[in-house]
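Student: Sharing a structure, written as structure tokens. Questions coming.
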Amino acid sequence: MTGWRSQWRLVLLNSLTCGLEICVAAGITYVPPLLLEAGVEEQYMTMVLGIGPVLGLLFIPLIGSASDHCNSSYGRRRPFIWLLSLGVLLALFIIPHADVLAANLSWGSSRRNQALQVGLLILGVGLLDFCGQVCFTPLEALLSDLYRDRDDCGQAFAMFSFMVSLGGCVGYLLPALDWSGGLLSFYLGGQAECLFSLLILIFMVSVLVTMKVSEEPLSTLEPGPPEPRRCFPRSCCYLFQCKLWALKSGPLMCLLRTCWSMTPAIYRSYCHVPRVMQQLCLAQLCSWMGVMSFMLFYTDFVGEGLYEGVPSAAPGTALRQRYDEGIRMGSLGLFLQCATSTFFSLVMSRLVRLFGSRAVYLSSMVCFTISALVICLSKSVLLVTAMSALTGFAYATLQTLPYTLTCHYHKEKEVYMQNSKTPKPHTNGFTITRDSVCLTLDSGPGDLNHKSGISNGHVPHSRDEPGYYPSLYQNGAHLGLESEDFEKRGVGLDFAILDSTFLLSQVFPTLFMGMIVQFTESVTMYIASSAIFGAIGIYFATHIIFDQKDLRS
């Protein structure tokens with residue numbers, strides 16, 4: 001995939017990715033002040049920010065698996081993208097206008113007005129975080145459908161990571177600008193209304209561009225056989241039946257029917273995750289927990305630990321001024337992290353070609369862990385800021401390589417996604433496999449040891465054949481009777497599991513980091529915990545299956 005036309009198409013295809021990240025980063029950054037102004041206490045504010053990730057953990061597998069089996073005329077992935085984008089737009093409208101909507105719906109009661117305003121804000125925040133995070137899953141699956149070759153898939157997800165990083169840079173910068181003095185703010189009603197109106201405009205443009213460019217391949221659809229044409233009278237009953245059929249066959253009904261029918265299958269798929277995906281998700285979870293622990297609490301660490309400020313001090317005091325200055329310096333560090341991630345996203349494909357996926361993944365996590373350790377031990381603002389920028393390498397890697405590997409696993413399912421369960425031996429010591437069962441049915445007793453070179457119901461393997469290795473074959477036998485489970489497994493479900501590890505990495509730190517810091521009475525534990533998770537992620541990353549050579553070890 002070379003040439004500026006292909007690269008430009010990738011940019012347009014990932015424009016929704018950039019728009020989503022801008023809206024989520026800017027919206028979630030601007031939400032805490034709005035919640036505090038509405039009367040929400042700080043301890044409950046953190047719980048409100050956790051609604052989106054928790055809902056995402058519940059629904060991402062459902063949406064990912066349902067998109068694998070959707071047969072809508074609009075494609076497999078795009079109906080889900082449209083629906084989730086509608087939720088993002090609704091949230092971007094509710095959040096800045098919660099006070100106006102509450103005033104119109106409360107019928108003059110001030111107490112009811114405040115309660116309704118808080119409820120609408122919570123609804124908007126949860127909807128924005130949930131729909132924004134979940135929408136990445138069908139977008140990732142869409143890239144996988146359009147770019148199936150391993151090199152093309154690597155470039156596609158490198159561009160995906162670049163657009164996410166670029167959107168994060170823009171999203172963190174927009175709330176920092178003063179919109180209240182402009183003419184647009186005068187007409188729209190204030191800082192929040194102006195900012196969210198701009199976000200709505202950016203998001204609508206990005207949705208339209210991506211939907212225009214993303215023509216899903218016809219092979220992903222499974223249309224049924226055409227029905228013979230019949231002549232019916234134009235009666236009212238017939239017209240009603242036609243409208244009812246059109247409603248049932250619409251993309252929304254197709255989406256809902258697919259989600260409903262896939263719910264039992266998701267449980268079975270979660271209970272039979274391929275070994276390669278288990279190892280990848282475990283390393284991804286630990287790595288993301290390190291990175292997210294760093295990103296969530298880095299600004300608080302700089303404000304309290306490095307600048308020795310106090311967030312609860314009265315405004316205008318020296319302690320509060322030092323804390324606010326530390327928060328600004330911490331925000332600069334996170335911005336530099338996004339900038340570094342943007343750079344590494346651009347060169348990720350070249351790094352993988354030069355050094356290989358294993359070396360790039362491990363080096364990024366080693367770099368992150370060392371940077372976190374230096375930040376824990378150093379008191380230099382300049383060195384800490386430089387190390388925070390260096391953590392962008394791991395952020396770019398975690399957004400690129402796991403999805404590229406998943407595409408590679410699904411492209412060669414017969415190699416990577418064989419059922420690794422050991423077949424149960426029969427009481428006489430022989431192993432019952434599909435081949436032996438077929439031979440028993442198709443052959444007579446006398447032909448069992450003389451057909452196709454099969455001896456005692458087993459298939460011999462030489463050391464040079466892939467079947468020799470126990471990771472693909474157990475006890476010298478072919479796959480067990482349950483191997484067809486992985487053959488029907490879609491890439492959308494495995495992308496959803498990867499995205500679930502990202503959401504889970506946000507839930508764990510928000511639940512336990514506060515207790516750890518309160519127990520140790522040191523905010524340095526924020527960064528120390530991220531370094532520990534990074535070291536654990538390095539250990540599990542050494543067990544990831546990057547190519548077929550790893551299956552033989």
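A Cβ is built for glycine as well, from the same backbone N, Cα and C atoms used for every other residue.
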Student: Using TrEMBL as the reference, determine which range in 327-347, 495-515 is annotated transmembrane segment.
Tutor: 327-347
Student: Do at least three C-beta pairs under 8 angstroms join the transmembrane segment (280-298) to the transmembrane segment (186-209), pairs 6 or more apart in sequence?
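Tutor: Counting Cβ pairs under 8 Å (6 or more apart in sequence), the transmembrane segment (280-298) does not reach the transmembrane segment (186-209), since there are fewer than 3.
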Student: Before we move on, state whether the transmembrane segment (155-174) and the transmembrane segment (523-546) share at least 3 Cβ pairs under 8 Å, counting only pairs 6 or more apart in sequence.
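Tutor: Contact between the transmembrane segment (523-546) and the transmembrane segment (155-174): absent, because fewer than 3 Cβ pairs are under 8 Å.
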Student: For the transmembrane segment (12-32) and the transmembrane segment (359-375), decide whether they are in contact, meaning at least 3 CB pairs lie under 8 A, counting pairs 6 or more apart in sequence.
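Tutor: Between the transmembrane segment (359-375) and the transmembrane segment (12-32), which are separate recorded stretches, there is no contact, as judged by 3 or more close Cβ pairs.
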